[in-house]
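Let me begin by presenting the structure, written as structure tokens, before commenting on it.
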């Protein structure tokens, strides 16, 4: 099991690097250059390959092996970073955008392959919780490394040095994956070598509506689809806009890089890690019900800080506390969410499991991406106070949706017990 966790955690770590660059480093860089919040919000369009990945997920399922797909995509990321080291971001902003678009494209394909491997590798309730913890923690650790860590030193080290470092990181991981024995596991190898299943998939490829019907017919899928589209809306708006409020009134870019990019994300990782441990002790429905209520309360506290515009040590302390709590609860919720998604996917036919999980993961990204792109415009139009009231309302609505499902919907205890153990 330890080999599986290391393998998955490392792959999700390098997969989180593009997100860290774009979510933490790029907005602060653009805001410091005088760009509007609306324009910064629209940079989220660079995440668009993640929305499209469900279209080529069946291709990754049917062609080649997981090992080959992973080595190819991670090597492509290394080459992209190597070419980007020659860019000067002040003079080549479109080149920077192209770099991030290419990195998101490659990382989205990598995600399909590693998710497919994870669904096959993780067996039983215990492995599922720990595996999803490795997924979320690894991804966020990569985001912290790229967004917070590199933001804190980019002024000293420079853009070229940063991308050369990333080149070596990706190249090393590609070599590790090429020789990783965990991919020799009979479950994963059997999924890729089953000739009769490939014939069936080929028939479905000619009739894609059959695949969609199968996916939507999986028990719990309709509720899970609505949930993953909406569970992060209010939180995503607050997490995206609150650091920019602090940049306008209270903190420098370097302070934000440390407090929001490193410390707060460290709390997020702690929350994600705790989620895996709690899942071994408590039911997922009871955990989600309580954590969503706590998240709504934390957003009330964070929204109240928007009324304080004068910089002060007390305000900075309260802001750091608010971001830390919000990221901690967000990390915990993310682990619970991905575990719920994988529970749902394991109910599907083996021939469509990777595609089913990619479908849910794509919708999860779509919900966050769409709202992140619009959040800056909402703030520009209505101001921080009104916008955060809207974010709070969305968060409360999601908490109500989850609360109801634990008693009458997909999160009822007797339904969850039907999941594979």
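Cβ coordinates are placed from backbone N, Cα and C, and glycine is handled just like the others.
Listed as Cβ neighbours of the transmembrane segment (40-57) (distance under 8 Å, sequence separation of 6 or more from its ends, same chain) are residues 22, 26-27, 30-31, 97, 100-101, 104-105, 108-109, 111-112, 240, 244, 354-355, 358-359, 361-362, 365-366, 369, 372-377. Residues or ranges marked as transmembrane segment in TrEMBL: 40-57 (among others).
Here TrEMBL flags 69-88 (among others) as transmembrane segment.
The annotation transmembrane segment is assigned in TrEMBL to 159-183 (among others). Proximity of distant same-chain residues to the transmembrane segment (159-183), defined by a Cβ-Cβ separation under 8 Å and at least 6 residues beyond the stretch ends, is recorded for 3-4, 7, 10-11, 14, 17, 65-67, 70-71, 74-75, 77-79, 81-82, 84-89, 117, 121, 146, 150, 153, 189.
Annotation comment: TrEMBL describes 258-280 (among others) as transmembrane segment.
Residues annotated as transmembrane segment in TrEMBL: 292-309 (among others).
For the transmembrane segment (315-338), same-chain residues at least 6 beyond its ends with a Cβ under 8 Å from one of its own Cβ atoms are 132-133, 135-136, 140, 227-228, 231-232, 235, 238-239, 242-243, 246, 250-251, 255, 259-260, 263-265, 267-276, 278-279, 284, 287-288, 291-292, 294-295, 298-299, 301-302, 305, 308, 364. Annotation comment: TrEMBL describes 315-338 (among others) as transmembrane segment.
Marked as transmembrane segment by TrEMBL: 359-382 (among others).
The transmembrane segment annotation in TrEMBL covers 388-411 (among others).
Within the chain carrying the transmembrane segment (292-309), a Cβ under 8 angstroms from the stretch's Cβ atoms is held by residues 234-235, 238, 242, 245, 249, 315, 318-319, 322-323, 325-326, 329-330, 333, 384-385, 388-389, 391-392, 395-396, 398-399, 402-403, all 6 or more beyond its ends. Panel annotation: around the transmembrane segment (388-411), residues 220, 223-224, 226-227, 230-231, 233-235, 237-238, 241-242, 284-286, 288-289, 292-293, 295-296, 299-300, 302-303, 306, 340, 375, 378, 382 of the same chain, lying at least six beyond its termini, place a Cβ under 8 Å from a Cβ of the stretch.
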